[in-house]
Every structure is written in structure tokens, then in C-alpha cells.
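**Student:** The structure that follows is given in the form of C-alpha cells.
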Amino acid sequence: MDKNSRIFIAGHRGMVGSAIKRKLESNGYTNLLCKTHNGLDLTDQKAVNEFFQSEKPEYVFLAAAKVGGILANSTYPAEFIYQNIMIEANVIHAAYTYGAKKLLFLGSSCIYPKFAPQPMKEEYLLTGELEVTNEAYAIAKIAGIRLCKHYNQQYGTNFMSVMPTNLYGQNDNFDLESSHVMPALIRKFHEAKVEGKPEIVIWGTGLPRREFLHVDDMADACVHLMENYDESDVGEFVNIGVGKDITIQELAELIGDIVGYEGEIVYDTSKPDGTPQKLLDVSRLNGLGWEARISLKDGITETYEWYKSGNEPA
Ligand code: GFB
């Protein structure tokens, strides 16, 4: 990528897209193409084609997606499968049609089988049943990965896919119904502390294990891959994570310490646990010269400060 290459960040207002934008800007890229949802509806094929025809992006970061936590995924499966499939199909096909040089598609670690051996290697994809709470989203993301693979195979495109673990950081969604566990717990602990509540409620048993990657590390990895590698180097896709996980209970205790909450933690076992463990094998990524730098404690502290400062999404 040259510093003045035309780079399209699909989803630049989301948590991941905004972090990629910050990273590209700090690396000196000057020609970033960004469109708000009102300016360009990525589920509208005609609009996407017109955008690609007029702007001819050379590099595409496909970070736009309908995302959410365990409750949103299981409550609105039709929206998750429809919107994600439409966005992926439209953007990937337009990138091919209008000759993008390279595209980076973001998958998700939840697309591996529910009971995949841990840590999960790239080759475990499609070797078993999916987790029911996010099956719709997972099917859509698998479709995106296979779109890239088959366009490369048939048309000789250079479309890479990456498989991030659970992400967190600034511009995350802190809505308690639709968010992931990290922002939900930061908010719950903060409000409980401010309001002097004697206990806070965590969903599920607290026993599931999750791996958390700060979104600035994620953006750094995406830009590193885009700058230095082609699809033939990464294989079908590459995991992006830290290679370490913790239980939801340990996460809650860590957030409680950072926030300074001294009340009790109780577990609402009527809420789903989801996949028992999600831990990525990151050896392929390490072999491509990248590893995560931001510790969980530092990342949560920074995210909590951002949350408290009342920042609006970029
Ligand atoms: O982050 P999360 O919503 O999604 O939940 P997944 C992770 C774990 O935290 C589950 C528990 O075991 C939840 O039951 N948990 C505890 C909570 N308290 C809370 C809370 O207040 N809010 C939330 N949200 N969870 C998602 C997928 O799975 O991961 C998506 O549904 C996506 O498709 C995303 O892949 C990365 O890690 O279970």
C-alpha cells in the first residue's frame, strides 16, 4: 500500500473500523474513503456498486457487520444472518468487479465448532456443530470467508480473511441488552459503584472461558497483514488473538478491582453460557511476525477511562 492509495474502511464508525482508521492515519495514509451508514447502505447492492465504480478503492478493510453479544445474537438471528450476508456479498463482489488490489475480511472466533479442541487452530473450521446462540452470525461469517476463498480460487483475487477473538476497547457498544460481556461488565460495575449497590448480577455460571483482545491490537494486526502479506501467505484465513483466556468470573473480578467495586457478584444462571471455551491458537499469526502487546489489565483500564469520559463513537 502506498501512503496515498485509495483505502476503503467499511464500517469506519464501529469499534474495529474506527481503530483501523486511527492506525492508518497514524501510519501516514492520507486517502481514506469512509462512508457513514446514511451515506452508503452496504446491504444495498446497487449503492455499493455505484460507490465502487466512482471511488475505485484499491484496498478494502471489510469491518462492517451487524454484531452483538450472546443475547442479541440469539434474539435477532434473522437480522444477523441477513445483514451480514448482504454486506459481505455486496462488498466482496464489488471489490472483485471494480478491481480492488487487496481486501481484508473480518470473521470471528465464534464460527468454530462449539466443542472444538482448544486452543483452536485454523483447520478446525467446519469440523463440528456450531454454538446455537450465535449460529446465524457464524453461518454468515463462514459465508464471507468462503466468498473470499472462492473468489481467489476462481478469479485470482487477493482477498484475505482474519479471525479475531472477542474484542473490546473504545467505541464498543455499552448497551446492556445488546453488548458483549466486556462493555456490559464495565458499565454494570461502574453503575453499581456510583449507585452504591450491594451486588451486581452476571449472566450465566461465570465458568465459560473467553479470550479478549484490545481493538488497537486488532487494528495493528490488520494493518500489518495488509501492508506485508497476500492471501497466498495467510492460507485461507488467520486467527488474531492473544493465545490466553480467562473465565467470566475472573474477568468480573478483574473489572471489579479496576473499577473499585467492593460489593458482591451474583450469577443469573437462567441466562445462557454460550460456548464453554473460545481460545485461539495464534501460532500462524506469530509466524507472520505479529503478536499482541496490550495487557488485559491495561486494556480494561484504558477502556474504563474512555467509558467514564463519556466519549461518543468516532
Ligand atoms: O460476550 P458475550 O455476550 O458473547 O458473552 P459470546 C460471553 C459470556 O459472558 C457468556 C457471559 O457466557 C455470557 O453469559 N456474561 C456474563 C455476559 N454477564 C454478561 C453480561 O452482562 N452481558 C453479556 N453480553 N454477557 C458472542 C457471539 O459470543 O461473541 C457473537 O454471540 C460474537 O456472535 C462475539 O462472536 C465475539 O462470547 O458468548
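Positions of Cβ are set from backbone N, Cα and C atoms, glycine also.
These came from TrEMBL, pasted as-is:
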| type | residues | note |
| --- | --- | --- |
| ACT_SITE | Y137 | active site, proton donor/acceptor |
| BINDING | 11-17, 106-109, K141, 164-167, H180 | NADP(+) binding site |
| BINDING | K188, W203, R210, D273 | substrate binding site |
| DOMAIN | 7-241 | domain 'NAD-dependent epimerase/dehydratase' |
| SITE | S108 | site 'Important for catalytic activity' |
| SITE | C110 | site 'Important for catalytic activity' |
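Each of the listed features needs to be described in terms of its position in the shown structure.
**Tutor:** Close to Y137 (active site, proton donor/acceptor) in the fold, though at least 6 residues off in sequence, lie K66, V67, N73, P77, F80, I81, N84, S108, C110, each with a CB less than 8 Å from its CB.
Taking the Cβ of L167 (NADP(+) binding site) as reference, residues of its chain lying under 8 Å away and at least six apart in sequence are, in sequence order, M15, V16, F212, L213, H214, V215, M218. Under the DSSP three-state reduction, L167 (NADP(+) binding site) is assigned to strand.
Counting every protein chain shown, 21 other Cβ atoms lie within 10 Å of the Cβ of R210 (substrate binding site).
Summarising the environment of S108 (NADP(+) binding site), the number of other Cβ atoms within 10 Å of its Cβ, over all protein chains shown, is 24.
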**Student:** Mind running the binding-site residues G11, G14, G17, P164, L167 against ligand 1 and keeping the ones whose CB falls under 6 Å of it?
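**Tutor:** Among the binding-site residues listed, not one has its Cβ under 6 Å from ligand 1.
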**Student:** Take the C-alpha atoms of D273 (substrate binding site) and G17 (NADP(+) binding site) and report the distance between them in angstrom, rounded.
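**Tutor:** Between the Cα atoms of D273 (substrate binding site) and G17 (NADP(+) binding site), the distance comes to 28 Å.
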**Student:** Please average pLDDT over the domain 'NAD-dependent epimerase/dehydratase' (7-241) for the predicted structure.
**Tutor:** 96
**Student:** Roughly how many angstrom lie between the C-alpha atoms of P164 (NADP(+) binding site) and W203 (substrate binding site)?
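**Tutor:** Cα-Cα, rounded: 23 Å.
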